C-alpha cells in the first residue's frame, strides 16, 4: 500500500500511541518536579531531614510504578470484554483523574502521591491495550514500523517532560506555585487528547470479528485501509481475520490454565516474559531514573551540567527510536537488532564501569569533568541509549504484542506487561543502594545482564518480522491443536469455507451493481 493510502491507519496508531506519550511524560518530568524549590515549599519539605526527604521523593516515583502494576490487571477485563477502544478511554480517564488530583494537591503530599498512584493505573492499562490495538489493526508489512512508534512516543514524552520541568525551574519564580503546577497540568492536556482521540478511531477489526460483529468489522477494516468493502484486497484480509476469529472462538471454552498445557503457548510466554525482563535488567531504566547521579559519578559534579547531560540523554533516546522506526526496521529482522543491540549495550556498560572506576574523585584542584575517562563515560551512556533504542526498547513491546493467540492475547500481554512493571520496581529499588555500596561495579552487573540478553535471544527468540498474526504466527511457534480440539478445528474450516463463498458472492454482486 502506498503511504498516502494508510492515513487512517496511521492516525489510529498515533492516537493509540498517546498512551506511550503519557508513560514517557510521567517518567520524564517527575525527577525534575520533586526537586523544584516551589514543590518543596508548597509541600512543606524544606525543613525535614535528608532521609525523610529521600523517602518522600522515592514514594512519589514508586507510587506511580505500583499504580501501573495495578493498572495492568485492571485494564485486562476491559480490554478483553469491552473492547480495545474503550480500554484506551478507561486509561485516559484514570490518567486525567490522577493528574487533576496532583494539580490541586498543594500542601497535601498524600493527595499528590495518591494522584500519582491513580495516574500510574492509567498508564498501566494503556501499556496493556495500546500494543495489542496497534498489532491488531496493522497489516504484517507495516506492523513492525507502526509498533516502533510506541517507543518513539515513550521517548518523546519523556524528553518533553524533562525539559518542561527544567524550563519551569529556570524561568518561573521559586515562590510561585505555577513552577510545580505547570509540569503537572500538562498531563491533563495529553490525557484529554487520548480520551477525545479514542472516540474518533474504530474498534480493532480482529476484536469485532471475534465477537461476531461482521458488519462492524468490515466497516472498521475498510476505514483503516481506506478501501471499499468490495475491494479484493479487503475481502482477502477479511477472510484471514474471520478464519483466525473462528478458531479463537472455538477455543474460548478452554481455560487459560488448560491453554498453558500447550507447549507453544508456554514457549511464547517464555519469549515474551524473557524480553520484558531483559529490557529492564540491562540497565536502561537505571539510567532513566538516576542519570544525573550517574553523570556526577563520572565526574560531572555540578547540578546544571549533570541535568544538561541528562537532557541530551533524552534526545539520544528519541533519535534512536525515530531511526529504528523509519530506517533500521526495514534493514534487518528483529533477531538481528535484538542481538546487536544487546552486544553493544554490554560493551558500553563495561566501558562505563571502567571509566567511572578510573575517574579520580573531584577536588578543588582537579576538574574531573574534563578528564578523558569522564568524557568517555558520557559517550558510553549515549551509545548504550542509542543501541537500546534500536533493539530491546521497541522490540520487546513489538514481539509481545504480536506472538500470542487471539483468544488468550489479553491475558498473555497482561502477564508480560506486569513483568515489565514489576522489574521496573526492582530496578528503581536496587540501583541507589548498588551505586552507593559498590559504585562502578553496578555497571558491570548490568553489562553482565546485557551479555545474557544476547545469548538468550540467540538461542530462544525466533524471527517474527513479517509473520502474520494468527495462523502464520502459530506455525512459527509450532502450534498444533490438541486432539480434543480436532472437531472444533474441522468446524472452523467448514465455517471459513462458507464465509469464503459468501464473501466472494457478495463482492461479485457489488462489483456488477
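Glycine residues also receive a Cβ, built from the backbone N, Cα and C atoms like all the rest.
The transmembrane segment annotation in TrEMBL covers 12-36, 56-74, 86-105, 117-134, 146-166, 178-201, 267-287, 307-329, 336-356, 368-390, 411-431, 443-461. The domain 'Major facilitator superfamily (MFS) profile' annotation in TrEMBL covers 12-465.
For the domain 'Major facilitator superfamily (MFS) profile' (12-465), the model's pLDDT averages out at 87. Between the transmembrane segment (368-390) and the stretches 117-134, 178-201, 267-287, 411-431, 443-461, the greatest number of Cβ pairs separated by less than 8 Å involves 267-287. The stretch from 117-134, 307-329, 411-431, 443-461 with the most CB pairs below 8 A to the transmembrane segment (12-36) is 117-134. In terms of C-beta pairs under 8 Å, the stretch of 86-105, 117-134, 307-329, 336-356 lying closest in packing to the transmembrane segment (411-431) is 117-134. Contact between the transmembrane segment (86-105) and the transmembrane segment (178-201) is supported by 3 or more Cβ pairs under 8 Å, counting only residues 6 or more apart in sequence. Segment contact is absent for the transmembrane segment (443-461) and the transmembrane segment (56-74), given fewer than three CB pairs below 8 angstroms at sequence separation of 6 or more. Away from its own ends, the transmembrane segment (307-329) comes close to residues 28, 32, 144-145, 148-149, 151-152, 154-156, 158-159, 162-163, 166, 287, 291-292, 295, 300, 337, 378, 381-382, 385-390, 393-394 of its chain (Cβ-Cβ under 8 Å, at least six residues beyond either end).
For the transmembrane segment (117-134), the list of distant contacts is 12-13, 16-17, 19-20, 22-23, 26, 63-72, 74-76, 78-79, 84-85, 87-88, 90-99, 101-102, 143, 146-147, 149-150, 187, 191, 194, 204, 397-398, 400-401, 409-410, 413-414, 417, 420-421: same-chain residues at least six beyond its ends, Cβ to Cβ under 8 Å. Long-range contacts of the transmembrane segment (336-356) within the same chain: residues 275, 278, 282-283, 297-298, 324, 328, 373-374, 376-377, 380-381, 383-384, 387-388, 390-392, 395, 439-444, 446-448, 450-451, 453-454, 457-458, 461, each at least 6 residues beyond the stretch ends and with a Cβ under 8 Å from a Cβ of the stretch.
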